[in-house]
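Visitor: I have a structure I would like to understand better, so I am pasting it below and will then ask my questions one at a time.
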Amino acid sequence: MAARIPALLLCGLLALAGCDRQAPAARGGGAAIPVTTAVVQPRPWSDTVQGLGTVRARESVTLSAKVSEIVEQVHFDSGQKVAAGQPLVTLRVDAQRAALVEAEAAAAEAEQQFRRLESLAAQQLVSRATLDTQRATRDAALARVRQMQSDIGDRQIRAPFAGVLGIRQVSPGALLTPNAVIATLDDISRVYVDFQVPEAALSRVAQGAVVSARGAAWPGRSFEGRVQTVDARIDPQTRAVTVRAEFDNPEGLLRPGMLLDVSLFQPPREALVVPELAVVQVGRDSFVYRVDGEGVVEQVPVRTGLRREGLAEIAEGLAAGDRIVVEGTGKLRPGVKVVDAAAPAAAEGGAAAPAGHAADAGAGGQG
């Protein structure tokens, strides 16, 4: 019995030594996980930025009155085009006209009295103070005339600029108050389209760049404009900036509030592009799984550029020729071994293409 104890201890030590020798093989150990991979290759990539834009009138105003008064005449119809300064609504002005006549008579009398005293003052027959008092009286009377003329002008509502009127909201005989809407007026001979551009694409937006827009209201028709300005601030929530483009609108087809699909075009350039599915997003960080020559994956941080149509531009982190995991990233961790699921199918079909050839990074058409 005592002779067996050293033998058992020796077996235990040999077993521990065997475990130690197997520990370095943990990297890539176990069965390889089937995934879909792709080789990163440079390809032509157009910096076309797409987004949704909202049409805004070049000039827009809601017409209302400055005073409360009865509507005497309405000089326009709904949807009518008007010129700048054209009369739209006339309010009752009988009392103001009578007050103007009275004010003009008082001003004329004050002016006549001032001229008389001015002549007497020149002969030193009245004091300078008397003349100054009459001058103030005359000036007050003239100011009263101007005030009454302004009151009458406030009762004639005119178009502040040329444009198209909306639906008429008033009728003759109605009491119009300052809060009441007469109609809307929009200058749509040229319109603005405001749309969002990602922060990453800001350096590629230039004043005067060509913009194309399409709307559901006019299927099959494209409208062309140019970038007029870029907002001075970036939205900290969306990390996007508002860009304003200007479009000629001679037919009036683009209406304020209309939603458009906007494309901002740039010349094509060479870029590293991968399927967007390969990019794993954790918070504000992005990474991909790169496969080394032994089939072992490593987690590589990347900085992405523009994304569209299921593709993502890689600005930093990868190089041409790198093999990355496209599908199956959810079951991976750094150091595990993978096998391309497409490789056996390619071998059985007699194809000489390497594994993942059908899923080369950037496949899926031109950008």
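Backbone N, Cα and C define each Cβ position, glycine as well.
The annotation signal peptide is assigned in TrEMBL to 1-17. For 60-177, the entry in TrEMBL reads domain 'Multidrug resistance protein MdtA-like barrel-sandwich hybrid'. Among the features that TrEMBL reports, coiled coil is placed at 93-123. Summarising the annotation, TrEMBL assigns domain 'CusB-like beta-barrel' to 191-264. Residues annotated as domain 'YknX-like C-terminal permuted SH3-like' in TrEMBL: 271-338.
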Visitor: Between 0 and 100, where does the mean pLDDT of the coiled coil (93-123) sit?
Guide: 92
Visitor: Across the domain 'Multidrug resistance protein MdtA-like barrel-sandwich hybrid' (60-177), what are the DSSP residue counts per state (helix, strand, coil)?
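Guide: Within the domain 'Multidrug resistance protein MdtA-like barrel-sandwich hybrid' (60-177) the tally stands at 56 helix, 25 strand, 37 coil.
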